[in-house]
Amino acid sequence: MSGLNPQQREAIHYLDGPLLVLAGAGSGKTRVITQKIAYLVQDCGFQPRNIAAITFTNKAAKEMQERVGKLMSSSIANELQISTFHSLGVRILREEAKVLGYKPRFSIFDSADCAGIIGDCAKTVDKATLRRLQSVISNWKNALITPEAARLLVANEHEALAAAAYLSYEATLKAYQAVDFDDLIGLPVKLFSEHPQIAEKWQNRLRYLLVDEYQDTNACQYQLLKLLTGVRAQFTAVGDDDQAIYGWRGADIDNLKKLPNEFPALKVIKLEQNYRSTVRILKAANNVISHNEKLFDKTLWSELGHGDPIYVTASKDNEAEAESVVMKLQAHRFEHRGKFRDYAILYRSNHQARLLETQLRNQKIPYLLSGGQSFFDKAEIKDLTSYLRLLANEDDDPAFIRAATTPRRGIGAATLQVLGQYAGERHVSLFHAAFEEGFAHRVQARQLEPLLEFCQFINRMQARASREPAQQVLPDLLKAIDYETYLYDTEEQRTAQSRWANVGEFAEWINKKGEEDGKTLIDLVQSIALINMLEKQNSDEVDAVQLSTLHAAKGLEYKHVFLVGVEEGILPHRESLDPAKLQEERRLMYVGITRAQRSLHISYCEKRKQAREMIPCEPSRFIAEMGQEDVRFSGGKQAAIPDRATGSARLDAMKALLAAKK
Ligand SMILES: Nc1ncnc2c1ncn2[C@@H]1O[C@H](COP(=O)(O)OP(=O)(O)OP(=O)(O)O)[C@@H](O)[C@H]1O
Ligand SMILES: [Mg+2]
């Protein structure tokens, strides 16, 4: 416990009831959680399996597991339940599936699978409509609104369409023995609410709960937390209202506000010392966030010295920006004899990574991309996981269709259509329908044959996959479907090569996971869907520059941070300019600034290429909000960024220019 400040120590030792640690960035909230886990086990006699810690990403869970592992023996640390809300949900559902009418090996559908089903239900393929329908349905599910209730709530035509699709969407998922990500939280909530004795069983099992990044929980996660902690309410939640950045995904900061009301015994501890950043970085962050409405009073100070000024650089366009950032990073690294992994380049949206990647590759700088298109979303990986999903759950119809037709094996669209219709009439899965006599009568022998052959192949592999370790089964599966030949037959040589290399990487990942945990292929299928959801696993040991969206960088820290594209329209995002959303954008900027430990470099463009057109850009209002005292401007026409709090930006920029000329 040495090296902790008195407030941290108090938070760690407090066990008399529910506790909320509310504090700004870098104040050691996550550190309180890891230390408290060690304290519970080593000093208070808690069994590790009775402690559950909930983090925001799988990566954060892994990191916490490692940190705790250093505080106690790793065999004990491995018994702890450190996971995301979603993986905890999976654990509960696997065990209790039967009560909900699911088999333990239900499938977990990712967002693309679900979009396909919603499209079928709503009879639309229009991407924008689909996205909106999906988000409306997801919001309902996160607010625990049933399809029946949603029908009564509809306020416009669009919601009416969503409500209609919602009902058949849920029925379809159930028929496929599949759940979506929202169900991973929603179904345990339903289960615990309807079966108090099951809730009690889990309350006795998870006797102490710790939740990191509490400000970004949604209504459903909050309910789960309440149901899991029960009347004992033994939990520690840590969070920072100024870092709530997932409102767009249904997270609700009200969960933080209502905690004191719903748990009258709640104790609140505030932490004020920041151990991460220099005074100047902290000041810039505090200045920016002071433009938001204040929910809770917080102050943050640092003893880490004044540090470097914050550098703000203007570039003529986004290509020049990428080039300049990479050059500056190189120069800075040489000067400070740093490692690549000390550097992160952060941006608002995924597409901003492309030019940076090109520059980094040109300069032969190793980098890791996180929060981008996941490895597991690549076509070849989805092909293979469709087989694996089918092995785990033969009722998974989308996986059935993909696997049955990739590679082509003489099962045509016409056959599948008849099969689909027949299965629909009989209320069985495609897989089961294929074996029924009624179906055999509807197709010709040459149609039936390849289909049955495929189903029997799946049956044979299924038997092996649940018995043998993963690393034995996957290579045989690849050989049996001759996937390599398929790739070279259907793709250009170079594409095929790179796709086949990805397959190799996937096989290696399966092997490693299989060996580490002694898991069968079927056990592993489940974790794939979860990784899919939030991030590809990055190896932290490699010396590489981190490229990440601001959202994915939450909770992390880097010695040196480059924050790029800090422009009006990007950060804040052009679609988030109404007052409430603007505050969330500002929090995103706050999260970005506070990732930096030693130096912070901000850049923006004067023009940006968008759809082949050069669009003039303006520096983000958040740059002005940092204050000017600790900021050094370079490049561009402007000597300094005007205060944008009043008047239009252009006007202010002109005034500043004129003032500079005088
Ligand atoms: N008492 C302490 N003494 C020295 N270093 C500390 C102390 N507490 C935390 N730290 C260090 O400060 C840094 C920030 O801590 P931590 O990540 O726990 O903060 P946080 O509040 O969770 O930040 P965020 O809001 O960004 O998630 C870490 O490097 C951590 O090891
Ligand atoms: Mg943290």
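A Cβ is built for glycine as well, from the same backbone N, Cα and C atoms used for every other residue.
Unlike curated records, TrEMBL annotations are generated automatically.
Summarising the annotation, TrEMBL assigns ATP binding site to ALA23, GLY24, ALA25, GLY26, SER27, GLY28, LYS29, THR30, ARG276. In sequence order, ASP240, ASP242, GLN243, ASN274, ARG276, SER277, ALA285, LEU300, TYR590, VAL591, THR594 are the residues near ALA25 (ATP binding site), counting only same-chain partners six or more apart with C-beta under 8 A. When secondary structure is read from DSSP and collapsed to three states, ALA25 (ATP binding site) falls in the coil class.
The domain 'UvrD-like helicase ATP-binding' feature in TrEMBL is assigned to 2-278.
Confidence in the domain 'UvrD-like helicase C-terminal' (279-555), given as mean pLDDT, stands at 87. Residues or ranges marked as domain 'UvrD-like helicase C-terminal' in TrEMBL: 279-555.
In this structure, ARG276 is the one among the binding-site residues LYS29, ARG276 with the smallest number of other Cβ atoms inside 10 Å of its Cβ. Cβ proximity to the ATP site centre (mean Cβ of ALA23, GLY24, ALA25, GLY26, SER27, GLY28, LYS29, THR30, ARG276, cutoff 8 Å) flags the following additional same-chain residues: ARG31, ASP240, LEU271, ASN274, TYR275, LEU300. In this entry, ALA23, GLY24, ALA25, GLY26, SER27, GLY28, LYS29, THR30, ARG276 make up the residues listed for ATP, with the farthest two CA atoms of the set 13 Å from each other. Residues from the binding-site residues list (ALA23, ALA25, LYS29, ARG276) with a C-beta closer than 6 Å to any atom of ligand 2: LYS29. For ALA23 (ATP binding site), the same-chain residues lying six or more positions away in sequence with a CB closer than 8 A to its CB are LYS29, VAL238, ASP240, LYS270, LEU271, GLU272, LYS298, LEU300. For SER27 (ATP binding site), other Cβ atoms within 10 Å of its Cβ number 28.
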